[in-house]
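Going by TrEMBL, these are the annotated features:
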DOMAIN    B:28-474  domain 'Amidase'
ACT_SITE  B:Lys79  active site, charge relay system
REGION    B:149-168  region 'Disordered'
COMPBIAS  B:150-168  compositional bias 'Low complexity'
ACT_SITE  B:Ser160  active site, charge relay system
ACT_SITE  B:Ser184  active site, acyl-ester intermediate
Amino acid sequence: MSVDTATVKKVASLARIAISDADAERLAPELNNILGWIEQLGEVDTANVEPTTAVIPNSLRLREDVVTESDQRAAVLANAPQGEHGFFTVPKVVE
Amino acid sequence: MSNITDLGVAQLRDGVRDGAFSATEVATAFNDAVAKAKPLNAFIVETPEHALAAAKAADDARAAGETPKPLAGVPIGMKDLFATKGVQTTAASHILEGFTPPYESTVSQRLWDAGAGMLGKLNLDQFAMGSSNETSYFGNVISPWRRNDGGNAPLAPGGSSGGSSSAVAARIAPGATGTDTGGSIRQPAAFVGISGIKPTYGRCSRWGVVAFASSLDQAGPMARDVRDCAIMLEHMAGFDPKDSTSLDLAVPKWEAGLSGDLKGKRIGIPKEYRVEGMPEEIEALWQQGIAWMKDAGAEIVEVSLPHTKYALPAYYIIAPAEASSNLARYDGVRYGQRALPEGANLQDMYAATRAAGFGDEVKRRILIGTYVLSAGFYDAYYTQAQKVRTLIAQDFENAWTVCDLLLTPTAPSAAFALGEKSADPLAMYLNDVFTVPSSLAGLPAMSVPGGLDKSGLPLGLQIIGKPLDEQGVLNASLAIEERAGFTARPEAWW
Amino acid sequence: MTESTYRIQGDTGEWEVVIGLEVHAQVTSNAKLFSGAATAFGAEPNSQVSLVDAAMPGMLPVPNKECIRQAVRTGMALGAVINKWSRFDRKNYFYADLPQGYQISQLYHPLVGEGTLEISLDEKDPEAFTKTIGIERIHVEQDAGKLMHDQHPTRSYVDLNRSGVALMEIVSRPDMRSPAEAGAYLSKLRSVLRYVGSCDGNMDQGSMRADVNVSVRKVGDELGTRTETKNVNSVRFVMQAIEFEARRQVEVLESGGRIVQETRLFDPDRGETRSMRSKEDAHDYRYFPDPDLLPLVLDDAFLDACQASLPELPDAKRRRYESDLGLSAYNAAVLTADADTARWFEALLAESARVQKKGEQEVARAAANWLISDLFGALNRLGKGIDESPVSPEQGAELLALVGDGTLSGSLGKQVFEIMLETGDAPGKIVEERGLKQTSDTGAIETVIAEVLAKNPNQLEQYRGGKEALFGFFVGQTMKAMGGKANPAVVNELLKKALAG
Ligand SMILES: [Mg+2]
Ligand SMILES: [Zn+2]
């Protein structure tokens, strides 16, 4: 598997991280190096092995259907970089 | 009593309880030490008023004749990955700069409830991604240690809990919280000659801890000795209904259960941990550790963990994959920094915000994680890694049929100089080779100092235990501590 | 089973339409799927948002048992396989209504597997044209928040009140072949959900909405490329969207174009679908198991309790109304289509049988007829649903009893019902206070008939001369003179005698 700069840019775009052409050039060999090393995992025979689902044997606990959180709009909005009238705001989205 | 800041958690607790000194004296002494230690860059935010308030509460309670709380009079450092109500919490990233949580993490709340006070928020590798504390947006943490070669090369305190390790080793905090995803408590503890334990996955609540890799992240204490770690862990661990992966179990009385007598215990020595290129001094320390185990009454058995060499590559799929998703919430909408270039639409804003807000290592891991999860690669990478993880866990299960605990080195080297490995991410990742397998299996594991290398730098030994056997891990670590007689400490140069 | 004959007529021949629906149904619950915030509709913006819903750093999901229970019950009502081992996965994409940057959903191991839903295409005779639509799966997932684009010239507003509300996504097989089938499927599904009580089915409040997958093909061909029209929120719009989209696809194909697999939006004002640019690049969702959540394992006790709590479902109820109560197929279908109607009818029926001291099957027809024609007619006029009826089932039963025992004539019954609607009073009280009782007093009726005959000598002569059609005239005059209160049967009998002379 070889990652070229176009792939780096595509992945960066999926991850919503703006990168320059120079960044992509720099990252491509770096990521190739890491991915190449990771690929040794392919050597392991995992034919009859289940993927790990829980690190420590345990299953999901369920909560009762009770409203435990009251209105905390002020706390929720307190750190917002931008907002008004009780809303978070973002650049206008055209759907 | 020469110097209050030379005392550890247990001594401070006992001294305050017995009236040897007041909690306020303790808090003041450590606050002053923190203020003087700026060159270490161990703290991102200092909170002397928090430490003093907790101290005053302890002193008032004592004056009123109340039973002291279990950590009354003990000020600690809080890794800046734990959300602290009203105190900036950044995970050492720019993207969270200025974020003031309106909530307190479960682990930190438990410590405050036990009477502890906070000296400040400790620096770390950005989003806990790193092994040298060189990825913090707020600058490198410097180890208080220096090589005995007369040079002044600043050394890495290890990572990601580098602020924690540096502060405890420098005696500017008697104890600190850490978090460990692939070794982030144990490796920095080893690098600075202190102790640190990562408990069984699920012992400590992850609620309110900035997530790196959810299936691996565990909080734990870092302190000067095993007893101090036991005390702190008792007041960090415990069931939390707000964390679905939290274990619904009572917290054992680990401090009371401490014993360095290992009679009847079988200690496994995994042969696959004898890696190529490992310094002779590490091997020698390991042998020394084996001798100490025998001296403590344990039986030594050779064991095999055949999939060990695949642990690191599996980890470098699973952790970045989880991180790429966990860090998607940092988008500049609800908190933290926003970058909004002229004319940017929503998606441009995300990309610009994240480009400006995340450091290089964080971006690198997000990209790897995004890549391994992306269409067409999921099975080959992620599913395969999770299968290998099952095999690694099975290796440990098999080992437990012949032994109770495992003894290994903590890291493949002593602390390196800052900048020495930062150019090669892969070389940096290899630092975690001994700590990652037990993380993947969710097992409790601890690092204790064993001795010094030729350069006068600390080296650590690691004890790995069965699920939930923190007591066994602590006791074997105590047996090492009692025999190693490790008293070396860095000379204050800051 | 009926084969659809619905076809789009193109220039190159007939096209068949293939339709699958993904219905998002909001689970009825007090709190959200993974947080303790409230789910009530219409709250102030961002007032029902917990730190978890806002995806604050370090926040973790803990699932709500009731949401799981309702999804399991829904699956059982659709005869579906319930998976005792399921998992939550993360669906990763970036959007301002999705604070976590991922939606917690279920891709690889959904809670509910395959089931079926039987639809009928003729409401007058439900058994005549039926079709079984396959259900592929039901999974549980989080709803997103809401964006408002019209509040500010350059900004969109984000409201996270819906963020984290529990949804069931009910995915059908591509088994539908016409807008009518899709409409029937959606209506029937809504009916089942309301019976089960797992979703209130309020499409106008967004509690139920459908993603409509449409493709076209020449009859007998392979499946064509489909488009997905998102979040269509009424049965009528679903049918419109399918019709528009099928025609559009036929036009594209016939003019040599290709259908792009894409997400589209339905514009109800124009009755059109259009491409959604904003979600174009979101195709690689990088699903993986949510590491914050362990596998969901259900035990037999939980499943048994879910099964035991299921009510009688609409098809079973309809068949029982026909066979046990002797109702017509149409009436049975109308009364069982909606859970509230059936519940109202059954209360009316039980009360009618009680007050009339008769068996339910003896009073069922009258009750059904009155409910369907009189009550529904009135509610329609008032623009109210049956759950808002100003008349209670007990009052309805009392009215039916008064008509049944002859106290009120049919027309008096209608008169009393109108007064009930206005005043909310019980029928007995109205009859008492207004003296609306029907009379069968032969002496009184005979006196009035004598007066009527005396006043209308011409008509009497014509009648006796053979113009028997005038009988109705005399009945009318007699009833009028008695203020409508005379028992018509008695009037008829006495008039015949008197006219015969
Ligand atoms: Mg859909
Ligand atoms: Zn969905």
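The backbone N, Cα and C atoms fix where each Cβ goes, glycine too.
Bear in mind that TrEMBL entries carry predicted annotations, made automatically and left uncurated.
A distance of 10 Å separates the Cα atom of B:Ser160 (active site, charge relay system) from that of B:Lys79 (active site, charge relay system). All protein chains considered, the CB of the residue listed as 'active site, acyl-ester intermediate' has 37 other CB atoms within 10 Å. Cα of B:Lys79 (active site, charge relay system) to Cα of B:Ser184 (active site, acyl-ester intermediate): a span of 11 Å. For the region 'Disordered' (B:149-168), the DSSP-based tally of helix, strand and coil residues reads 7 helix, 1 strand, 12 coil.
When other Cβ atoms within 10 Å of the Cβ of B:Lys79 (active site, charge relay system) are tallied across all protein chains shown, the result is 31. Mean model confidence of the domain 'Amidase' (B:28-474) amounts to 97 (pLDDT, 0 to 100 scale).
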